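Q: Encoded as structure tokens, here's the structure I'll be asking about.
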Amino acid sequence: MLTAPKLDYALLAPILIILGAALIGVLVEAFAKQAWRARLQLVIALGAIVVSFNQLVWVRNDGSSIAAVTSVSIDGAGMFLQGAILIFAFLGILVIADQDNFVPQASALPGSTEEAAAIQAGKQQTEVFPLTLFAVAGMMLFPVATDFITLFVALEVLSLPLYLMAGLSRRRRLLSQEAALKYFLLGAYSSAFFLFGAALLYGYSGTISLNGLTDAIRGSGGNDVFLLLGITFLSVGLLFKVGAVPFHSWTPDVYQGAPTPITGFMAAATKAAAFGATLRIFYLGFDAAQTSWKPIIAVISVITMIVGSIAAISQRDMKRMLAYSSIAHAGFILTAVVSLNKNALSASLFYLFAYGVATIGAFAIITMVRDSAGEVSDVNRWIGLGKKSPLVASVFSLFLLSFAGIPLTSGFVGKFSIFSAAYESGNIYLVVFGVLSSAIAVFFYLRVILMLFFADATNDSISVVIPSVLTRVSISICAIFTILLGIAPSLLFDIAQNFAYFLR
């Protein structure tokens, strides 16, 4: 006889608050006057994130446990990632609030009279706020889900709004729409792989829960063809979301074409959610069959590091360069999946947070560099920017140095800790390839910094616009986190150590 799952709404409240605010945002779009929508949506979005984070802190202080029986596990790693995603969402929405980056009417054809009329009327694409909240809700559910149905639902809830928002860029409309279409089509394929893998694993184990899968593997030796095929197909869906090679082709196109504030939010929050789910699945569901998948994930990790670092060298667009940098970082974090121990888990939690805040800050800086036609992301157009706007160039350089893993930045601590965990687990070859890839990455980061400060400015008239107060707040917070976690990493690293566990 089937019994209804026991729901603890207090433990699920952080997710439910975000979902509720997203639904309220939809009602605001339907009933509020156009002149009020932008401010109302901003207040609702930021307020919901603050309340949700406060509830998450209360849940932590009250003690962790299992919610919704086997569907959701509110444990240390899950709560850490939920908190990180909420912080990324808060910082991202501060930049998104600058509506100048979004098309005034998404349904209008690029260059049409309808689009011109929307611009003339001063329309704003305020639907982006509830869409962002829906994505955040899916991201918060994804790393705490413990069965394949909940994982798939969370994956779709976080993905569908991002497909839409990728096509809302105000400038280079066709490039933005192309990026959205590519993201949707490839995302649909990856979701199909994920679902097919889940079906095969259900056929193998007779259960949809990660714990039940582990028990089934231990009882049968883990050599069943259904098991191996299921792990393969499910991994393809996960590796697509984290942007690992060879499932990375969407990343540079989407990062370049999407509105830059969405790119920053997506790069930080989606990676945290996807890696959270990946770590949980491999640590809890696939650990009993690790001899089957560890060598393959290790090879993918190495290839991802190398391809991301080398491909970034040849990029002439700042957003595409950061996209390939993101791919390389995915390879670094995959070493934690292979290491399969507590230190690797805590290191990956720290790394995801450090990378996320630097990423949002870097893309926020890109929104400020413009010419008469709008935002400029061509690397050659940035030459000499340090002489025109030394403060902006310095802050952008700080984020690049963090990506490179230079000491006294949060990126250095993240890389050092994750490579240390790999070394302790005996994966010395991953450390060697990781260090080599990092050395390659230093080259293109330093090349950009030298172009900013030590090359003569071009004749192209670019300028740094004065951003909104909210964008400045977001960049300032990201810079403070990047410096503070590099100088005093124990402030976050101790928290990551305490939260580095999964409940079975």
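Even glycines carry a Cβ here, placed using N, Cα and C.
Copying in the features that TrEMBL gives for the protein in this structure:
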- 12-32: transmembrane segment (TRANSMEM)
- 39-59: transmembrane segment (TRANSMEM)
- 79-97: transmembrane segment (TRANSMEM)
- 128-145: transmembrane segment (TRANSMEM)
- 145-440: domain 'NADH:quinone oxidoreductase/Mrp antiporter transmembrane' (DOMAIN)
- 180-205: transmembrane segment (TRANSMEM)
- 262-283: transmembrane segment (TRANSMEM)
- 295-314: transmembrane segment (TRANSMEM)
- 321-341: transmembrane segment (TRANSMEM)
- 347-369: transmembrane segment (TRANSMEM)
- 390-408: transmembrane segment (TRANSMEM)
- 428-454: transmembrane segment (TRANSMEM)
- 475-496: transmembrane segment (TRANSMEM)
Q: Should the transmembrane segment (12-32) and the transmembrane segment (262-283) be scored as in contact, given a threshold of at least 3 Cβ pairs under 8 Å and pairs 6 or more apart?
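A: They are not in contact.
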Q: Based on Cβ pairs under 8 Å, which of the stretches 39-59, 128-145, 180-205, 321-341, 475-496 lies most in contact with the transmembrane segment (428-454)?
A: 321-341
Q: So, taking each listed stretch (295-314, 321-341, 475-496) in turn and counting its Cβ pairs to the transmembrane segment (79-97) that are under 8 angstroms, which one gives the highest count?
A: 475-496
Q: Could you check whether the transmembrane segment (475-496) and the transmembrane segment (295-314) come into contact, where contact means at least 3 Cβ pairs under 8 Å with the two residues of each pair 6 or more apart in sequence?
A: no
Q: May I ask whether the transmembrane segment (180-205) has at least three C-beta pairs under 8 Å with the transmembrane segment (347-369), counting pairs 6 or more apart in sequence?
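A: No; fewer than 3 Cβ pairs under 8 Å.
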Q: Under 8 Å between C-beta atoms and at least six residues away from its ends: which parts of the chain pack against the transmembrane segment (180-205)?
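A: Same-chain contacts beyond the ends: 148-149, 151-152, 155-156, 159, 162-164, 166-167, 212-213, 215-217, 224, 226-227, 229-238, 240-241, 247, 249-250, 253-254, 257-258.
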